[in-house]
Every structure is written in C-alpha cells, then in structure tokens.
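A.B. asks: Residues or ranges marked as D-ribulose 5-phosphate binding site in TrEMBL: Arg37, Glu38, Asp42, Arg150, Gly151, Gly152, His153, Thr154. What TrEMBL records for Glu38, His153 is Mg(2+) 2 binding site. The annotation Mg(2+) 1 binding site is assigned in TrEMBL to Glu38. The site 'Essential for catalytic activity' annotation in TrEMBL covers His136, Glu174.
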Amino acid sequence: MDQPILKQFGGPISRVEKALKALRKGQGVLVTDNADRENEGDLIFAAETLTVPQMAMLIRECSGIVCLCLTEAKIKSLGLPMMVENNTSAYNTAFTISIEAAEGVTTGVSAADRLTTIKAAIAPDATPASLNSPGHVFPLAARPRGVLERGGHTEATVDLTRLAGLAPCGVLCELTNPDGTMAKLHEIVAFAIKHQMAMCTVQDIIAYREHIGDIDAEMVVPENTSAVTKPTRMFPSGTFSSSR
C-alpha cells in the first residue's frame with residue numbers, strides 16, 4: 001500500500017525513476033520496506049561511484065554495519081562462503097564471511113579503508129586473493145531475480161544499480177536516529193528531505209520491475225563490467241519469496 005507521506009516524492013514508478021537518476025549521478029538514495037517487515041530504511045549508494053565522504057556518511061548516520069550487495073555470480077567468483085551453513089535469521093539475510101582488501105588498508109575500519117575494500121571486491125578482475133577475511137565490510141548475496149524473488153533491501157540494491165545501468169553491486173546501511181534507535185518512516189522522510197535524497201520503497205521497485213518487464217529493460221550490465229549493453233532478459237525466471 002502506498003503511504004500518503006511518500007506522495008511528496010511522486011508515485012511508485014516516478015520514485016524509482018528518480019532513484020535511478022540519482023544513482024547515475026553518484027548520489028545516495030533511501031529505500032524503505034514494508035511496515036509489517038523490518039519497517040526500516042536503508043541508505044544506498046552504487047558501489048562503483050561510492051566516495052570516502054559518502055562512506056563516512058554511512059558510518060555516521062547509519063548503524064555502522066556497512067554491507068556490500070553482490071550478485072550470486074560475483075560472490076562465487078570471489079570464493080566467499082556464506083557466514084553460516086544454517087541461516088536461522090528472521091529474513092534469511094544472506095551474509096557471507098566479512099572481508100578486507102588484501103592490499104591498501106591499515107586497520108580496515110576507517111571510511112577510506114572500507115572504501116578500498118569495496119573497490120577491491122567489485123573490480124572486474126577481482127579474485128579470492130584480492131580479499132582477506134574476516135574484515136570490516138559485510139557482503140550480502142542477492143537472489144538471481146531480485147525483488148521479484150525476494151523483497152529485501154539486498155535485492156533492491158542490486159536491482160536499482162542494475163536498472164541504473166551501473167555495475168550490479170551497491171552498498172547499504174540501515175538509517176538510525178541520533179540516539180541510536182532505528183529510523184522509522186517519518187524520520188526517514190525527514191532525512192531524505194534534509195539531504196535532498198530520492199526515496200522509494202521495495203514495493204515501488206517490484207512495481208517498476210513488473211511495469212517494464214524483464215525483457216523490456218533498457219539497461220543491462222553483464223557480470224564484471226559497468227558497460228551498458230542492449231536489452232536482453234535481465235533476470236532468470238523463478239518464484240517470489242517475501243523474506244529479506
């Protein structure tokens with residue numbers, strides 16, 4: 001259900017279009033999920049355009065647990081095992097083991113070091129040797145069909161970057177209030193207005209995906225490249241899961 005407070009950002013389709021435009025410009029976007037799910041908002045940036053000041057913002061304004069959302073193919077190419085064999089988290093969040101860049105970092109926890117780790121992981125020629133574990137960046141594996149298969153922030157992040165014509169990988173962190181509590185919808189909206197950020201919901205992205213159709217998508221990015229190519233089927237067929 002579209003909530004009235006979000007109408008100031010446009011309708012579901014236009015909200016996604018604004019988010020895609022912002023990502024292409026290297027800007028951050030806010031994505032919320034349903035009130036009956038986590039009922040939280042994530043600050044999201046495209047991994048390939050992420051800067052040190054933006055990483056510092058993620059650390060300062062959010063929970064501090066900065067996650068790198070990747071496709072399953074990229075996770076496999078990096079040789080990253082899942083964090084646990086038996087995932088019992090409420091939304092089956094697909095964490096792999098944490099990572100650190102093998103070169104170019106000190107303690108790994110600073111904004112600059114975390115950015116170095118992310119750039120090392122998303123590089124087209126990245127291999128398992130490019131990374132060490134454990135580390136201070138937390139990769140997440142997105143389902144192949146994105147939000148049409150699983151309505152989580154992980155899939156929303158990969159879908160948005162892919163639809164924006166960027167490499168299908170992004171960084172997210174949950175927005176928090178100054179007192180450390182999780183930001184809810186009104187607080188997320190206030191943050192978006194203050195920082196002039198685009199805002200949409202996971203449900204908006206689902207509606208957008210259904211609106212354009214997999215085959216009709218204009219921008220598809222092959223794995224390990226940020227080059228924009230001609231339309232092809234963007235996502236394999238499959239069924240939807242409501243877990244995060």
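Each residue, glycine too, has its Cβ placed from N, Cα and C.
Surface or core, plus neighbours and distances: that's what I need for these features.
C.D. replies: According to its DSSP assignment, Thr154 (D-ribulose 5-phosphate binding site) is helical.
The local packing around His153 (D-ribulose 5-phosphate binding site), expressed as other Cβ atoms within 10 Å of its Cβ over all shown chains, amounts to 29.
When other Cβ atoms within 10 Å of the Cβ of His136 (site 'Essential for catalytic activity') are tallied across all protein chains shown, the result is 19. In this structure, His136 (site 'Essential for catalytic activity') is part of a beta strand by DSSP.
Secondary structure at Glu174 (site 'Essential for catalytic activity'), as computed by DSSP, is strand.
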A.B. asks: Using all protein chains shown, find which of the binding-site residues Gly151, Gly152 scores highest when you count other CB atoms within 10 A of its CB.
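C.D. replies: Top count of Cβ atoms within 10 Å goes to Gly152.
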A.B. asks: Within 10 Å of the Cβ of Arg150 (D-ribulose 5-phosphate binding site), how many other Cβ atoms can you find? Include all protein chains, please.
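C.D. replies: Excluding its own Cβ, Arg150 (D-ribulose 5-phosphate binding site) sees 24 Cβ atoms within 10 Å.
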A.B. asks: Neighbour count first, Cβ atoms within 10 Å, every protein chain included; then name which of Asp42, Glu174 tops the list of recorded positions.
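C.D. replies: Of the recorded positions Asp42, Glu174, the highest Cβ count within 10 Å belongs to Asp42.
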